[in-house]
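Accompanying notes for the structure given below.
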């Protein structure tokens with residue numbers, strides 16, 4: 001299984017990442033990545049860009065160094081009804097939207113409250129995937145979350161960075177992978193790179209996918225064409241709203 005798409009990356013705009021879009025694209029090209037999503041943190045994160053940054057992403061070329069660039073965000077879940085820190089008028093302009101919990105944006109509560117919030121987020125028509133759902137600070141009912149992803153046509157992310165920065169994530173990620181395989185839910189894999197040298201790095205995720213024997217057809221990162229088709233359908237759906 002070869003990955004050619006990276007769905008989770010951060011540029012210097014996130015405030016705690018260290019590379020420009022141009023540097024990220026150049027490194028992606030060198031690493032054999034054909035498409036990546038810029039998913040800088042939403043404005044509730046300390047040091048993250050304001051909304052105008054996301055409104056102006058259109059100035060970034062669609063292709064740099066032969067690599068396709070998706071304009072996106074990692075939106076923060078900011079309440080337990082599933083509210084995000086990005087208003088609809090901005091979300092609807094983006095190609096790819098991740099949503100996630102961060103403890104500096106929302107205080108962890110109970111498994112039931114976390115699960116309800118994520119299920120509500122998955123109902124948001126602009127959200128494409130739940131990022132790093134294996135985070136042990138925010139335990140989830142894995143079966144219910146995966147079922148909600150299936151019902152809403154959304155993705156579950158496996159995050160390569162989680163194995164290092166979110167200690168205790170590995171077993172949760174493995175359970176998410178197993179449940180996605182069981183329910184036939186598609187996954188996206190993100191490097192969560194905060195510097196250009198990590199774009200397209202999936203070593204830990206590769207190992208996990210091998211362990212659970214994940215079918216290739218459930219992994220979106222193997223084909224630019226799969227992503228193009230998904231984004232085309234998403235934009236058509238949003239236009240009809």
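Numbers here mean position along the shown chain, with the first residue as 1.
Cβ atoms here come from the backbone N, Cα and C positions, even for glycine.
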*Hey, Swiss-Prot has Zn(2+) 3 bound by 74, 132. Any idea which of 16, 102 it lists too?*
102
_Further Zn(2+) 1 ligand in Swiss-Prot, beside 8, 10, 74, within candidate set 192, 203, 213_ = 192
*When you measure from the Cβ of residue 192 (Zn(2+) 1 binding site), how many other Cβ atoms are you left with inside 10 Å?*
27
*Hey, of 16, 41, 102, 132, which of those binding-site residues are within 10 Å of residue 192 (Zn(2+) 1 binding site), Cα to Cα?*
132
*asked:* Using a 10 Å cut-off on CB atoms, tell me which of the binding-site residues 16, 41, 132 is the least crowded.
replied: 16
